[in-house]
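Annotation comment: TrEMBL describes 20-38, 99-118, 130-149, 161-182, 194-216, 284-306, 326-348, 355-374, 394-417 as transmembrane segment. Among the features that TrEMBL reports, domain 'Major facilitator superfamily (MFS) profile' is placed at 25-440.
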Amino acid sequence: MVNLFARVEDRPTPKAVYNWRVYACAIVAATAAIMIGYDSAFIGTSMALASFKNEFGLAHKTSKEFAAISANIVSTYQGGCFFGSLVGYPLGQILGRRIGLFISALVFVLGAGVMLAADGARGLGPIYGGRIVAGLGIGAASNLTPLYISEIAPPAIRGQLVGMYELGWQIGGLVGFWINYGVSENIPSSHKQWLIPFAVQLIPGALFAIGIPFFVRESPRWLITRGRRSEALKNLCYIRKLQPEDAYIINEMNEIDVQVEHDRTAVGEGFWAPFRQVFGKGFLFRRMLITTSLFIWQNGTGINAVNYYSPTIFKSLGITGTNTSLLTTGVFGVIKTALALVWCFVIIDKFGRRGILLVGAVGGAISMFAIGAYNKIQNPAAHPTPNLPPGGKAAMFFFYLWTAFYAVSWNGTPWVVNSEAFPGAVRQVTQCFAATSNWL
């Protein structure tokens with residue numbers, strides 16, 4: 001019988017290596033993904049609240065005008081994330097992974113705080129500005145977090161630990177999808193009703209910023225590239241929970257030394273050396289095109305549209321009523337998060353990455369085709385009914401089936417593939433391009 005939870009090791013590994021410290025480093029770093037997931041999920045359902053529309057004079061806008069404003073709020077965030085992911089490279093390369101993550105946390109908290117200044121008198125300006133600033137922090141974190149985790153993770157659980165980044169994204173998204181349903185059910189329509197979901201952003205941001213100094217140790221690999229070998233040894237011993245004289249530590253330090261020296265010889269030193277290597281070596285450039293395209297195809301599944309505009313999408317399937325739409329959005333978040341757990345702890349380190357992506361693509365395509373066919377034939381948004389017809393129920397089934405296929409495949413697998421596909425000398429450059437393409 002196959003043990004789905006067995007670790008596949010590349011060498012004899014002491015049990016102490018799989019200790020709480022390496023998980024703590026990964027979990028705290030992955031808190032960045034909770035920020036990302038929450039910010040991506042809560043905004044669409046917040047804009048659907050009547051209290052938000054009334055406060056900012058959106059209730060009487062035409063559907064086209066409201067859609068344009070919604071798109072602006074979303075795109076300012078996406079733009080901040082795009083440029084933040086580019087800034088993540090010099091942050092991590094020059095200052096280190098740990099300090100880079102800490103700066104990204106502070107920038108995010110600043111942006112989240114700016115959004116809280118918005119009200120009917122000030123208008124949407126603070127939300128636009130805050131979304132840009134928060135996006136800069138999130139973009140940088142989306143670059144640095146998978147890179148950092150992949151550098152500290154033991155090989156046998158690297159997929160699982162990098163997968164925690166995606167798992168954190170789904171946990172944040174789950175809270176973001178449900179929080180507006182909660183406030184709509186329990187808090188009267190008011191300024192406070194829509195402000196609470198915006199304020200909750202500060203919680204994961206603050207936890208991230210506070211957790212880094214206490215739990216996150218700098219990447220030993222980065223320290224060795226900076227000539228700080230004794231500090232690298234100290235951090236590696238802490239993360240692996242082994243003594244410096246342990247054979248496993250000696251072997252791993254030697255491997256890092258050899259790899260870093262090889263990288264210096266093959267790639268060179270300096271800020272631009274990894275760029276020259278990636279763009280000058282045909283096989284590395286082709287590999288980067290493949291891994292970057294995974295994120296483009298990930299967005300091509302429609303996930304961002306679902307995250308940002310889920311209430312609108314459910315209404316197009318015939319779901320009526322704001323609260324009902326928020327509830328169905330919450331169910332979407334539950335399914336995605338539950339199956340992300342299955343993906344992280346059962347699937348990702350037991351099955352081939354390519355096969356996972358192929359199964360997800362085929363299943364997702366069939367599901368989306370069924371949904372599109374129903375919308376084209378029935379056009380339920382133009383003919384609303386009090387109760388969801390059988391065709392609408394079937395469309396909802398296929399939507400949640402699409403969610404299931406996506407959650408166990410394209411949701412997080414591209415991040416794992418990208419973390420494994422490149423040598424350490426160029427990994428931060430390729431991670432930068434991957435994170436940037438994720439925000440296109």
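Placement of Cβ uses the backbone N, Cα and C atoms for every residue, glycine included.
Curation plays no part in TrEMBL annotations; they are all automatic predictions.
Values in this document were obtained by computation on a predicted structure and should not be read as measured data.
Most Cβ pairs under 8 Å to the transmembrane segment (394-417), among the stretches 20-38, 161-182, 194-216, belong to 161-182.
Within the chain carrying the transmembrane segment (130-149), a Cβ under 8 angstroms from the stretch's Cβ atoms is held by residues 25-26, 29-30, 32-33, 35-36, 39, 43, 73, 76-89, 91-92, 97-98, 100-101, 103-118, 161-162, 164-165, 201, 205, 208, 216, 219, 415, 418-419, 427-428, 431-432, 435-436, 438-439, all 6 or more beyond its ends. Of the two recorded stretches, the transmembrane segment (194-216) lies close to the transmembrane segment (99-118), with three or more CB pairs under 8 Å once pairs fewer than 6 apart in sequence are set aside. Only residues 6 or more beyond the boundaries of the transmembrane segment (326-348), in the same chain, are considered here, and those with a CB under 8 A from a CB of the stretch are 4-5, 41, 44-45, 48, 159-160, 163-164, 166-167, 169-171, 173-174, 176-178, 180-181, 184, 306, 310-311, 314, 319, 356, 396, 399-400, 403-404, 406-409, 411-413, 416. Outside the transmembrane segment (20-38) by six or more residues, the chain places 101, 104-105, 108, 137-138, 141-142, 144-145, 148-149, 152-154, 157, 161, 164-176, 200-201, 204-205, 207-208, 211-212, 215-217, 238-241 with a CB less than 8 A from a CB of the stretch.
Per-residue confidence over the domain 'Major facilitator superfamily (MFS) profile' (25-440) averages out at a pLDDT of 89.
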